[in-house]
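Novice: Have a look at this one.
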Amino acid sequence: MAVSTTATAPLASLYVGDLHQDVTDAHLFDAFSEFKSLASVRVCRDSTTGRSLGYGYVNFISPQDASQAIEGKNHFSLNSKAIRVMLSHRDPGARRSGIGNVYVKNLSDSIDSVKLQEMFQKFGNVLSCKVVTSDDGKSKEYGFVQFESEISANAAIEKLDGSTVGGKKMYAGKFVKKSDRSLPSPEAKYTNLYIKNLDPGVTEEVLKEKFSEYGKIISLIISKDENGESRGFGFVNFENPDDARHAVEAMHGSRLGSQVIYVARAQKKAEREQMLHYQFDEKRKERVLKYQTSNVYVKNIGDDITDDQLREYFSQWGTITSAKLMRDDKGMSKGFGFVCFSTPEEAIKAVNTFHGSMFHQKPLYVAIAQRKEERQAQLLLKFSQVMRGFAGQSAVIPGRYSSLYYPVPGVSTQFAARPRPGMMYQPFGMRPGWGADGYANYSIPAFNASPFHLVSLLYHSDLYGYIKNKLLCQNELTKNLT
């Protein structure tokens, strides 16, 4: 919702969080309408479902009004729920850095967001303050305080951590992202070591003699089975953390008996699983970044085609690192597969050359491979563009029938020339009106679209299946409602 204005000054934007699901743009506008320089408001919503994401933005012409809105509307109750109001940070790096962010827990039930802010604001400018609550409004006894500076955050932690408020000893410390909480810091101190790959002949006496060179050992054990035989791993616990670190540095990868041993800090099972998951995720991301433009998706492949035939056919345009057809549980081809080239340039040449080419009497569809999430997001974007162009409104129209079946009279839309079935599989460079991603280009010549033209157009693109499913679901919903 926007307010007409001729002002050219940059807007002062406020972030409004913790919004009730039922709060609309109109509610947000009414809540801030007392400020005369109010320019616009917006509740952010999910692009698919239209549901509120629980936050929005309020823009002012006057920075003074924005400051007064923060003071007057922060923790203001809107639809029976207290909202948070703060200056909007356009830089995502600043938002995610965690600078000045304090985590507070073990709070008394009597402490709400207002009281928490009163406790912390004496140490500096508080940008945001929140006590986390359950659906029924009860405190979960923890919260977050965002300071403008790290100095203020450190001063508040030093003074308030361990203090007693409302009969409970409060904890205050620097906020740590969930993904980093279980990962050990390189500077973490430890005394207990885990050793594996132990030779069956290595006894606890031998192990103690070897590791005692680095410091005093409190306890040592080699794990044994029910027959008293070594399981090949054990633990050594030092008195001093520095001695433990030196032992890891010296002994890891060294030979003890006939085996090269592994020595590292002993970890709990949950911590070890988190570390392995993190390492796996990092390697997966590296592979995705490395091959995301070198991997080619191929479909409409004949059932009798083998991996070797696919590799041989595509090897004309470069070095292939892998070629694989997807098969079902019975080993039957699913009609599609992937060819990975050594460089992105080779992959692009293969796409431009082989897309639409005949391979064993079948025209191939060839494109740069995408992850499922990326593909779904692209299809959704294209679907929205088509429906906006056809109906002259948003693709998501809550409470209405699809304009594909109930067209708005007299609406004229911009589309490419009528689809040409005979050119469906032609290479990109020879296909007027079609882009390299396999979708129609809607920015050139126009004609008056009818629902039947739209269906015909969509049939010749990957949007068809997606939109078909969306419309079937919408029809089923309509039947249930009626």
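The backbone N, Cα and C atoms fix where each Cβ goes, and this holds for glycine too.
Where the annotation comes from TrEMBL, it is an automatic prediction and has not been curated.
Per TrEMBL, the feature domain 'RRM' maps to 12-90, 100-177, 191-268, 294-371.
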Novice: Average pLDDT across the domain 'RRM' (294-371)?
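Specialist: Overall, the domain 'RRM' (294-371) comes to a mean pLDDT of 88.
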Novice: Could you count the residues of the domain 'RRM' (191-268) that DSSP puts in helix, in strand and in coil?
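Specialist: Reading the DSSP string over the domain 'RRM' (191-268) gives 22 helix, 30 strand, 26 coil.
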Novice: Count up the helix, strand and coil residues in the domain 'RRM' (294-371) according to DSSP, in that order.
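Specialist: Across the domain 'RRM' (294-371), the residues distribute as 22 helix, 28 strand, 28 coil.
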Novice: In the domain 'RRM' (12-90), how many residues does DSSP assign to helix, to strand and to coil?
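Specialist: Tallied per class, the domain 'RRM' (12-90) gives 19 helix, 31 strand, 29 coil.
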Novice: Of the residues in the domain 'RRM' (100-177), how many are helix, strand and coil by DSSP?
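Specialist: Within the domain 'RRM' (100-177) the tally stands at 22 helix, 30 strand, 26 coil.
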